Structures are given as C-alpha cells and as structure tokens.
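Here is what TrEMBL says about this protein:
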- 38-96: region 'Disordered' (REGION)
- 38-50: compositional bias 'Low complexity' (COMPBIAS)
- 81-94: compositional bias 'Polar residues' (COMPBIAS)
- 90-271: domain 'NodB homology' (DOMAIN)
Ligand SMILES: [Zn+2]
C-alpha cells in the first residue's frame with residue numbers, strides 16, 4: 001500500500017528536479033553565448049588619448065543620440081565607433097588629408113591626368129588662403145570632407161558643444177569659397193574618433209570617414225615605402241589615407257606618380273559618394 005503512494009511522489013520529485021536542472025542549464029548557456037557575442041562585437045581598442053580619466057568618467061558626459069542607419073549601410077561601414085572605413089563597393093577611394101596646401105594643385109593635376117576622382121579632407125583655417133584650390137577640387141568632381149578647423153588631435157576630448165562649433169565653423173569656411181558644395185564626410189584628426197565626434201558629425205549630416213589603408217606618408221620620407229605599403233595592401237573597397245598638406249609632401253607626390261597608374265590599372269577609383 002505504501003509503495004503505491006510513495007512511487008508517484010518519487011516520480012514527481014524526480015521530474016521537478018529534472019525540469020529545474022534543464023531551466024538552469026538553459027540560463028547558463030544563454031548567459032555564456034551573450035557574453036561571447038559581446039566580446040566578439042567589440043574588436044575596437046580605444047585610442048589611449050581618448051580614454052577618460054577617472055575624474056572625466058565621474059563627470060560622465062551624456063551620450064548624444066546616434067542616428068540609426070539601416071543594417072545594409074552598417075555592414076559597409078565597419079570602422080571603429082560607427083565610422084565608415086570602406087567604400088561599400090568593389091571600388092577603391094583615395095583620400096587626401098590636411099590640405100588645401102601648396103601641394104594640392106599637383107595632386108589635382110595628377111588625378112586629372114589619370115581621370116581619377118578622390119576625396120579631400122580639408123582643414124577649415126586653410127580654406128580661405130587656398131580658395132582657388134578649393135574651387136578646383138569641387139569643379140573637378142572630387143568629394144569634400146571636414147577635417148576640423150585647426151586639426152585638433154584632441155577633438156574627441158572636447159564637449160559636444162565645442163565639437164559642434166569646430167565642425168560648423170569649418171563647413172562655414174568651406175561654403176564661403178564654394179557655396180554650393182556639399183560636405184558629406186567628416187574625418188577626425190589622427191583618426192581619433194569617439195562616440196561624441198561621430199554623433200556630432202552625423203547630426204550635422206556628415207558621415208564619419210575612417211580608412212582601411214594608411215599609406216603612412218605622414219611619417220615616411222621615402223616614396224618607395226609609401227608605394228609598397230599601398231600597393232601591397234590594395235583591396236576592393238579600400239579607403240586609402242594620403243596627405244596633400246600638413247608638411248613637406250614631396251615624397252607623397254613622388255609616390256603618387258607610380259601609385260596612380262598602378263591602382264588605375266587594377267581598380268576603379270571613386271570619390272566617396
Ligand atoms: Zn589629418
């Protein structure tokens with residue numbers, strides 16, 4: 001008689017333990033997979049200069065709203081902090097930073113000779129004294145990119161308000177000499193983007209533009225090294241960082257003479273759309 005009573009109870013107890021164990025197992029698995037996803041979704045190592053000190057962290061500047069982009073667009077961007085670092089097409093794009101300068105005309109001549117369109121990331125304070133070069137960049141069909149007023153390498157440390165002022169001042173300077181030109185892109189000096197500079201640029205209607213190939217012409221005094229680096233890393237969709245300003249660019253000019261025909265033969269080269 002006791003056997004008949006205890007047996008169903010024992011079965012019920014075992015069933016309860018089994019159900020609890022299965023639920024616990026599911027919870028542990030879900031937790032593990034979500035933490036490994038979080039790790040793989042954050043490959044970007046922040047620039048040490050952009051990391052906040054404990055004091056800055058305590059102040060905790062509110063994060064400005066990010067503009068939502070459709071998923072297909074996000075896939076093409078794939079740069080740190082929501083920046084775009086590839087063209088999103090099989091074509092490559094050359095970008096020239098830190099101008100306009102005394103080297104810009106030479107770059108424009110070479111691009112014209114090879115019928116190549118490119119992107120110029122210009123510094124606001126240099127625009128007025130190089131108005132002719134600015135007009136030529138636009139007339140030749142190249143794309144403009146805002147590279148801040150005075151190449152502030154610590155822009156990411158500024159307040160959102162200061163960042164807005166810097167970028168708007170630069171766009172205003174550009175529009176003084178080329179009123180109809182669109183400034184579709186923004187590039188943080190040194191590539192030191194963070195969420196503040198990215199969202200301010202986006203809120204002003206500009207796409208934050210990173211790069212996928214650094215020619216390192218900013219440190220190289222050897223045109224062959226610049227050529228080898230770009231030629232060796234060239235790939236469909238690449239955005240190449242070069243400079244037409246910011247110092248003595250004679251080695252960049254020398255490198256471009258070989259680089260442009262080399263790339264033109266192998267890739268379609270476009271201005272960022
Ligand atoms: Zn720069």
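Backbone N, Cα and C atoms are what each Cβ position is placed from, and that goes for glycine too.
Automatic, uncurated: that is what TrEMBL annotation is.
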Item to check | Three-state composition of the compositional bias 'Polar residues' (81-94), taking helix and strand from DSSP | outcome: 2 helix, 5 strand, 7 coil
Checklist entry - Averaged over the whole of the domain 'NodB homology' (90-271), what is the pLDDT? => result 97
